[in-house]
């Protein structure tokens, strides 16, 4: 999965897909009442990027729905969306409410109330383990609205670079048993080692691990891309999807990896 990083403006959806992204990551900021408000990152952000691009959340999600509905030219090119949920502005007790409001919003504006809406898989990426009730609030809301089947298209990620064992315990608390992606990484302005990504891959590949897929961010340089592929990840989050595509076509990688398609299930652990 080639995950276009910080796609917060409607025009950027096309831009990143045209460069080779089959997935995008979008930042979601919340208002004081825990409503998803903007697709916005703000400063500071990755080196070489404009941190201030934004849309109203509802507008972005409607445009995303159009792009990921059968009949659109991007439909079979873009099929995974990571919502990077900026819950740091919320009190811990608001996490469940944020999940409820996000679910209602996506049900209406993205899934079109289950009536031929957007078809992409969605990952809820949460920066704080304490906010695990966002997941339960989200799940209970979709079930309560009579759309439990839409949870088949929803996965989860904790993005705070916490200890993998702690992450697994929180999933147990939240009752999550699958659809788990694990991110690791740091802004492209800094270097980060592979110790934790290796631990995440080991959990993914162990019999009793909870992780299904692992991705690393933000991978922009050619050598870092090679090192990341050598760590056996499933996804690369990048500001330059075309560089990821270029490296995947190198002799060392083109027989070992392939770019994911709409037919690939992002919740299935890949077994060699």
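Any Cβ shown, glycine's included, is placed from N, Cα and C.
The active site annotation in Swiss-Prot covers 5. Counting every protein chain shown, 29 other Cβ atoms lie within 10 Å of the Cβ of residue 5 (active site).
In sequence order, 25, 26, 27, 28, 125, 127, 159 are the residues of the chain that are 6 or more apart from residue 84 (Mg(2+) binding site) and have a CB within less than 8 Å of its CB. What Swiss-Prot lists as Mg(2+) binding site is 25, 27, 84, and the listing cites similarity to another entry.
The feature active site, nucleophile is assigned by Swiss-Prot to 41. Sequence-distant neighbours of residue 41 (active site, nucleophile) (same chain, 6+ residues apart, CB-CB distance under 8 A): 6, 8, 27, 51, 53.
Under the heading disulfide bond, Swiss-Prot lists 45-51 (among others). Around residue 45 (disulfide bond), the same-chain residues at least 6 positions away in sequence with a Cβ under 8 Å from its Cβ are 6, 51, 187.
Taking Cβ-Cβ distances under 8 Å and a sequence gap of 6 or more within the same chain, the neighbours of residue 189 (disulfide bond) are 46, 47. Classification of residue 189 (disulfide bond) by DSSP places it in coil, neither helical nor stranded. Swiss-Prot lists 47-189 (among others) with the feature disulfide bond, giving similarity to another entry as the kind of evidence.
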Mg(2+) site shell beyond 25, 27, 84, criterion: Cβ within 8 Å of Cβ centroid: 5, 6, 7, 8, 26, 28, 41, 82, 83, 125
Cβ neighbours of residue 47 (disulfide bond) where a neighbour is any other Cβ within 10 Å: 12
Cβ neighbours of residue 25 (Mg(2+) binding site) where a neighbour is any other Cβ within 10 Å: 28
